[in-house]
Amino acid sequence: MTENTLFPPSNNIISENDRVMILIPSGGLRTVQMKLGGIINLGKFGQFLVDNIIGYPYGQSFEILEDKKVQPIKSLSFGLEERDSSNTEDSTKESTPVPEAFISSLTNKDLVDKGSDIQKLTVEEIEKLKTEGGGNDIAKQIIEKMIQSHGAFDKKTIFSQEKYLTRKQKKFSRRFTVLKISPYNMLSYLYQEKEPARVLDMSEETLGLLLSHADVRPGGNYLLMDETGGLIVYALMERMQGQGTITLLHENDQPKLNLLDQVGFTEEQIESIVHPVNLLQFLYPEEERAKNYKPSDEGIEGFPENKKALHFKRLRKYHLLNDTLDLVEKNNFDGFISVCTLNPTTLLPKVLPRIGGSRSIVVYSQFKEILVGLNDAMMKDKNVLMCNIYESKVRKYQTIPGRLHPLMTSRAGGGFIFWGLRVFPKEGIIAVGRGM
Amino acid sequence: MTENTLFPPSNNIISENDRVMILIPSGGLRTVQMKLGGIINLGKFGQFLVDNIIGYPYGQSFEILEDKKVQPIKSLSFGLEERDSSNTEDSTKESTPVPEAFISSLTNKDLVDKGSDIQKLTVEEIEKLKTEGGGNDIAKQIIEKMIQSHGAFDKKTIFSQEKYLTRKQKKFSRRFTVLKISPYNMLSYLYQEKEPARVLDMSEETLGLLLSHADVRPGGNYLLMDETGGLIVYALMERMQGQGTITLLHENDQPKLNLLDQVGFTEEQIESIVHPVNLLQFLYPEEERAKNYKPSDEGIEGFPENKKALHFKRLRKYHLLNDTLDLVEKNNFDGFISVCTLNPTTLLPKVLPRIGGSRSIVVYSQFKEILVGLNDAMMKDKNVLMCNIYESKVRKYQTIPGRLHPLMTSRAGGGFIFWGLRVFPKEGIIAVGRGM
Amino acid sequence: MSFLEHKTIIKEGDLVLAFIGGDNLKPIYVTPGQSVNTRYGTFSHESMIGLPYGSQITSGKGYGFIYLLHPTPELWTISLPHRTQIVYTPDSSYIIQRLNVISGSRIIESGTGSGSFTHAFARTCGSKGKVFSYEFHEPRYLQAKKEFEGHGLTNVHLTHRDVCANGFDVKDLQTNEPFYADVDAVFLDLPSPWEAIPHLQSVIAKDRAVGICCFSPCIEQVTKTIEALQKNGWIDIEMTEIAGKKWDSRKEMIREVDDAVERLKDIQKRQAEGIEKKKVWIEMNKKQKEQDVANGVPLDERKRAAQELKEENKRKKQQTERDYGFNPWGKGKRVMDGDENYKWFDVSRVGSELKSHTSYLTFARFVPQLKK
Amino acid sequence: MSFLEHKTIIKEGDLVLAFIGGDNLKPIYVTPGQSVNTRYGTFSHESMIGLPYGSQITSGKGYGFIYLLHPTPELWTISLPHRTQIVYTPDSSYIIQRLNVISGSRIIESGTGSGSFTHAFARTCGSKGKVFSYEFHEPRYLQAKKEFEGHGLTNVHLTHRDVCANGFDVKDLQTNEPFYADVDAVFLDLPSPWEAIPHLQSVIAKDRAVGICCFSPCIEQVTKTIEALQKNGWIDIEMTEIAGKKWDSRKEMIREVDDAVERLKDIQKRQAEGIEKKKVWIEMNKKQKEQDVANGVPLDERKRAAQELKEENKRKKQQTERDYGFNPWGKGKRVMDGDENYKWFDVSRVGSELKSHTSYLTFARFVPQLKK
């Protein structure tokens, strides 16, 4: 319950030891730590020295030059996007230019589609170019080589040529943006890195919906189940910035919070707000409190340093669990958030007595069918009011004036949430007036 | 199996005795019959004499004049839509004009929202105007009266004024369009008239998806269950235009096809393509064939006319059922379409043996959850291949250049379809290669 | 009572949202002597004081009830009298998430409108953050001012101004001294955001990346907004839409084909019995007539008896018609959803109307050019 | 074999779609001597002749199989080598429905593209209708021509032409005589439909209402299309989008909270037993050492023995780690979906990628002005 704890990253400038998110032209994300003297290798997108990007604000984009140097650039955009920008003088300087010597066709009428036949440049040749060191010049070389060896580039329309170039630039350009790490982009990262199962298939917009429906704010005391390795804990911590408590209910011997290390939290920062409690402790707090071992401080002065440290650590653990059990037994949590795969229909009745009046119950599931069962049960259980199932889906556009349209494909799924309010019904009321 | 039967409406010109669909400015639909000398009463949208619209092509719009006369107009559109039209000279002539004397504000800044307070015209006054006979002039009068008595019309921006006018015009203008009756607009009509349950909540786009997935074409022989009172039968008949057969499986003593009368089919037209068969006859064709009563034609020449007619009707029924049972026992239907509320998971296995190889199985349900159970069962049953659940949702736009956006609200629901293909698996195959 | 922190017990003067039914929430300030009137009864404010939030209370008459809910921005959005188009939770939650609004964030919001989104911003920024909200329409400005004070939104800095004409620069509300807003994120819900965008430069943060979201219903507004953002140095411009859906759950009866077959057999059996009965009845009538004629019963007496018999039969038939025979799905009975005498599917359903569009959301970022 | 009617038995020369798995359909013309090769085995064409459509056949090696499917426009769309952007079934079915295409309809389609939509139009128009299809790109035109002939689409009238420049007027394919197309419905899938719209006047029906659908991916194309439609007298212009979705069903294991509690108890019990065992072991080691020292066992001999014991224990521990103790959800086991030793939810799921946009569909009608 410490106030004013600064959570990572603690400032708005790329700083030594920060964990940062790197966005590459293909849309891919990576997390890396800013170790002075370190070299960040982006594979075919090049390499750069950490020292060269320290001191820039988060959000800055760079182009890789020779010798692992970088040059700040305005943004990652290419070709089509820049063409439509009003300050074209600036942006064409930054983009890989369309070679002017190439002829284009008015329509694609004479273009024969033969797929890979048309690319005379061999895979080996491209691979060789890609592995060569150096900066964005290499990308320009690759793309120019590809155009030269493209049998029918001049048969394409200008539009098709631009589209082709943008695609190649996204594939080869040695540029990147440094983003401040956040739950939002960590979720994107986890999803993209083919681990949707790790985040139970949750989308960014569903996370946002969940946080709003749960009324998460600085100073609240929430009960949370988080099966994502800490992403939801992270999202709450970011919103709360050290004000309030998160009682983390879990089903294992220890809570799994590996993601929090990954984004740079220290154990102390975590302990200052997160109170872990397992199902046994949560359901039988008195029995488990009795088992809570309080280390004796007899003869503590005479202990060697390491033994003293161990003693204080054990004492801290003892107090943390006691404090947590106090929170549990108060039966007044400011909300319950569940992002886990236990059957919510049997779980929720066990949790409800611990939640404060008029506070939110928010249960996430990858599958609507599971929440239909829960909603049905809760409509009968009079302790939860205004039960419904909600979904939020974002639809992104190709935002190029003159070529505006929704993206042709997007990720499916993203999950659903159940939202209801904990209430205290009177006994023996005739069901008149409840507009169900 | 008669070829070349002409189905109603039999031509493209509004003709005597046709059943037609009337579209009114509010978007509402009505079905009426073109009885010569008849008067069609559209309530507050006015009245007109049938004779005055005979001979125009379907799709024609009209404005109601004095004395139940009409004047053909280009379209139903108003205000905003017309403003953006290129041939404004034409269209402003047709639309209720914005009174030019009214002042408008640059912004809505000074407009105080008080809802109904602002309308000084009493409800009674409007009601009185609405019930007055006459043509579109009345609408113009009502709208001008409303503007005059609107306390803050001059405080609105031109855009708000136009929006207000369009809304009022849609509410009061005495205009209409005559549409050819079709399954598409009958479905819209049934849905709009607050009978979504009658069509099992099916949307127009879902009907389209169902017909395509079922591979409905002239000449096919389909097995159909239709709990909508005949809408699906109608949709198939329209597509097939008398070529092929529809075996209509139903669970009652008689099939319910009241919708077909409503759109103007004769009994003969229906009998020429629709073969009704109830569940008992379908499941036990031999036993039911044995019970099929063939009227004796002994002494037929001596019968009085009415008895003779009855005899031939009975004979026709006898043959129709026999033909239908032949179709059933051939086990070679060109597809199965189910739009009914029987549990599909237990129904489908009883129907499958009657369906031809590689033919479509299409099952509609209002609820995805019901089809999830079916899909699951069919993935285990090796007799149906490529099972999936499909949904199609149309999103309509306010199609006014300069003010283009999706409609703010649209109907929810619309249903889902299960689609799979009937196949003949070999016995005892090891499940290698089926990429499920 | 404040939207920035939660209370457990209802006190005099608190804002309570009375749940009447469905989405019907009635905001009330607890005032002794006053009462809430619904069609289910009257509920005195006094009876609410001292109860925990979330309590159910019954009306004086003892039938009918309401629940006493603690206000949150999301519930406030539901209960709100709609003065203008509202930013609903699917949109507002995504905007907050994507603009990375957290405790301590400094936000610009224009226009204030009905003030619903202001509540969500204020809750999320907390007492360490700040929401600069601008409204050009005076009655709406005054209404919002009163509401924010009543709701304890102490972190909202409300200004009555047309930002398109006069920009975003702020003054201390007490001293009237201008100060630097130093804003992290901007939300523009204006008919022509492109007129406001050039004015942002003087108020946004100079030492860190700033996010923006412009909220416009029409596609043409988006096009102009994108142009203005590009012209003013904003990058990573992306237009999006949010589709929010809400379902309820219900029970749908399972109708088995075997039951349908049994029902058909039953109908046929009853029809056959009917034909048999009719034959018997005709035969009986015939015999009666012969007998009557033989016994010399007068014609009109015979007619009257026949008529009586006919009516008697009609009555009987009507009674049998009300009897559905084999009736596996409770036809004609009042069956409650989930009745355990029947089998049920668990299904879900969106209400009859769907919010298919609210507005286009155009996001962008501004990254200050810092020299190393 | 033809897309316009269905056969029951596979004959030589027929087009068969071989179902390999998932959405993988391989079109083959049944030719004795040839065979289908998949990674599951080889399937001779000869073995297909005489079988009913829908049959499953096994490979020569006896393992692996394929299904022999009858082509339909919808399956053809799935199996098609994607030469151009394809109009998928959710869009094509809605367009057919809304333009009221039925047996006997006369349709214009431009461009032909990969010819997938042509199949659906031809199937629905039937032998009494006509599809006028235009393709400006010669290789695609030739490919389509060959395909339509092979597929028995006798009602398709294919023209190699740039309709934007040269309009829609048709000539008899044999006699080269111009004739009146008399068209009921028009579908334009062109980069600039506004250039083609003015040419429609001479080919559409003059005595009845005509429908049109323009298929364009970008919003700016729609704007230009609407202008052209208005200018050319089309009415009731409405832009729409179709969202099509496809789900499969699967089983998700039900994990009960009671089992989780039991599992935690079990873990704690085993941990306590572990601590107890460790204590016993330490005590035992200590005694052994004292004994060994007392017995004068040399130091390296004692070290070797201790090392052996340690390794033995490590092996044992690894074995016990593989034992999950109370294991209600089959952790570490290969559990098949729906295994009856566990409880399951029936759930549905869209594949990992969603088609979120194909094109905007702009519909309009043209009503001829008939004098009474």
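Quick reminder: no glycine exception, Cβ is built from N, Cα and C everywhere.
Here's what TrEMBL has on this protein:
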BINDING   C:Glu135, C:Asp162, C:Asp189  S-adenosyl-L-methionine binding site
COMPBIAS  C:307-324  compositional bias 'Basic and acidic residues'
REGION    C:307-329  region 'Disordered'
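In three-state terms derived from DSSP, C:Asp162 (S-adenosyl-L-methionine binding site) belongs to neither a helical nor a strand segment and is classed as coil. Proximity of C:Asp162 (S-adenosyl-L-methionine binding site) to non-local residues of its own chain (separation of 6 or more, Cβ distance below 8 Å) is seen for C:Phe136, given in sequence order. The S-adenosyl-L-methionine site is defined by C:Glu135, C:Asp162, C:Asp189, and by the 8 Å test on Cβ atoms against their centroid, the other residues of the chain that qualify are C:Ser110, C:Gly111, C:Thr112, C:Gly113, C:Tyr134, C:Phe136, C:His137, C:Arg161, C:Val163, C:Leu190. It is C:Glu135 that, of the binding-site residues C:Glu135, C:Asp189, has its Cβ surrounded by the most other Cβ atoms within 10 Å. Under the three-state DSSP scheme, C:Glu135 (S-adenosyl-L-methionine binding site) falls in the strand class. Pairwise Cα distances among C:Glu135, C:Asp162, C:Asp189, which the record gives as the binders of S-adenosyl-L-methionine, peak at 12 Å.
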